[in-house]
């Protein structure tokens, strides 16, 4: 590493304090933790803070249902979150709560700064109101019959069966999801942040390199359409911070939630003499500030948040990094249907480092969704971590122990060692760029070389020959040094295995200076570092999750039931000859660009890179995908389909997708490692 150590502050989005962590949440915290551990391993002062998002109507109502106070609920959830994160080896420098005095003070300060700057408006609005509970109802707290498909028990703003959107007033037989009462309309005075006043600032900021291209393009659409004022207030009863000088009015949870990043850091600064709040948050700060978030909350972090910070004379983020969602075996996760695996359920059955590695192997810097394919998960972890990585150390250690437990005084293969060390900068840059999958592929390619070297030298055969003791020690000492380099590169991903490796190697894992090979160095007895994934344990985890799903509320909408039955009854097509199938040329394609087609309700225009050329394809996937979410993705296309002339242009192939249509369309996506132009066989 060269240059002065960087000062970096990193955050992950705040998990909501009304329930447990699940695998969909964990993608973000694992991604962030790997990046932070990498920065620390490289010698930088990198600080990682987070907190529970602990305000809002949902928390107030859940506490009431449980017969406890909101404070008791958020304390209980906070303890559960801390426990689960710790067991997944997520190492926060501070994990706090938005329900804190630091956050109250900072939220009030920022609000008053915006008020003094003339950026807060006041006006009267009409909302749905529960006359029994005496509270205003957000759309999600109103249920009724869909006005389009007549499915029952649908939310106040959208139908989960037919995907229609509407207003609560259009809902048939609306009722409060809290009390069952019929809502009435009632007026209230609300406070609004004048976001349109920051249009010019945001147009520049969102194009300044702070966002991924796909995200910047999406925000450009919103900016071009014109920004609306943002309602930052809620009426009592509400669990949160009361707005200064406005009795009965509270800050909307999304106002004080991101300020929770600042509050958590301020709380840490009070306990750490080496950290200064202003050094990281003042307007002219030279420290780096990064937010890792899900793509679904980008509007709060890339529009509202930088605008409020700028208005209150604080610095804005160096970058906001968004990621996609987690799917399991190709299906979208859904809380309402219970199709997710809880963090605690996973931990009861499997090693957390399995998931850390699998996520890392598939993570890129873009916003594509990540699929947790459980069969691939088992095969990949067993092949890479057990069959390749740890196998190197276990194959060599017993011979070194037999020779006295000390490595050879010389390195017999300096060129091979140098080949491994020469990849340091490439792998480090991949981590820096959040291209974890690229880093993992390079590391595993090196692991293959290390195992090939040991196979060719066959120390187990040499050990049977008289007078070959030194050669055996030389070979195995090279193997152990290669393992040390590999585990150094993987330490951000596998901190537990790295710690066990450091114990075996009798040397710390360091990556902030050139690695010198270990020679004439005593190592400790080798102990198993990670075991194979047991498919039965995976099955047991899935079964336990199914038990959780069975306890979830059942859907009463006949339309949804009919829809599911229709999916399952789709018949297999008639049998064809193999020669007929062989005529189809399927290729890996990279989506270079994607855009709406004027005048087409269902089509997106895709520009596809298939290695030797680019093709234009019109795909009927508009109902399921936003164009900006597709750019950079790999998919599969029929490359030898006769071009079809359409009124919008020539379509030069077909991309492959699954699903019945509407929002239920899933574009095929190959595993990481596939390259544009590769033939699918």
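Yeah, the Cβs are placed from backbone N, Cα and C, and that goes for glycine too.
Here Swiss-Prot gives region 'Disordered' for one range in the set 547-569, 570-592, 593-615: that range is 547-569. The feature motif ''HIGH' region', as given by Swiss-Prot for the ranges 4-14, 15-25, sits at 15-25. Cβ neighbours within 10 Å of residue 149 (Zn(2+) binding site), excluding its own Cβ and spanning all shown chains: 17. Within 10 Å of the Cβ of residue 146 (Zn(2+) binding site) there are 24 other Cβ atoms, across all protein chains. In the three-state DSSP reading, residue 162 (Zn(2+) binding site) counts as coil. Ranked by how many other Cβ atoms sit within 10 Å of their Cβ, the binding-site residues 159, 162 place 162 at the bottom.
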